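To start, the structure under review is shown below, and the notes come after it.
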C-alpha cells in the first residue's frame with residue numbers, strides 16, 4: 001500500500017495469479033523514476049505515476065505504461081506524460097526497463 005495507488009491495487013488483483021505483482025509494480029515505479037529524473041530533474045514520488053500492465057502470452061513478461069500524474073514539463077524537449085516499458089520475470093528475478 002505504501003507505493004501503490006488504490007487503482008493500481010485494484011488492477012493488480014485482476015492480473016493472472018502466480019507472479020508477485022506487488023514487486024513487479026515496485027520495479028516499474030523505480031524504472032519510471034530512473035527514466036524521469038535525468039530528463040525532468042524533479043522528484044517523482046510513488047504516488048505521482050499510475051502504472052498499468054499488459055501480460056504477454058507467456059504470462060512471464062509484458063509491457064507497462066506509466067502515466068505521470070504531476071506536471072510532466074521537461075526543461076527541454078516534449079513533456080514526459082506517459083512512459084512505456086517492458087517487464088519480465090525469470091529465474092526468480094523481476095526485471096523492468098524504460099527506454100526514452
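Placement of Cβ uses the backbone N, Cα and C atoms for every residue, glycine included.
Keep in mind the model is a prediction, meaning the values are calculated, not measured.
Features of the protein shown, as given by TrEMBL:
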- 30, 34, 44: CoA binding site (BINDING)
- 5-60: domain '4'-phosphopantetheinyl transferase' (DOMAIN)
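Long-range Cβ proximity for residue 34 (CoA binding site), meaning a same-chain Cβ under 8 A and a gap of 6 or more residues, is found for 98. Overall, the recorded CoA-binding residues 30, 34, 44 cover a maximum inter-Cα distance of 10 Å. Predicted-model confidence for the domain '4'-phosphopantetheinyl transferase' (5-60) is 97, expressed as mean pLDDT.
The CoA site, placed at the center of the C-beta atoms of 30, 34, 44, has further neighbours from the same chain whose C-beta lies within 8 angstroms: 29, 31, 32, 33, 35, 36, 37. Same-chain residues at least 6 positions away in sequence with a Cβ under 8 Å from that of residue 30 (CoA binding site) are, in sequence order, 96.
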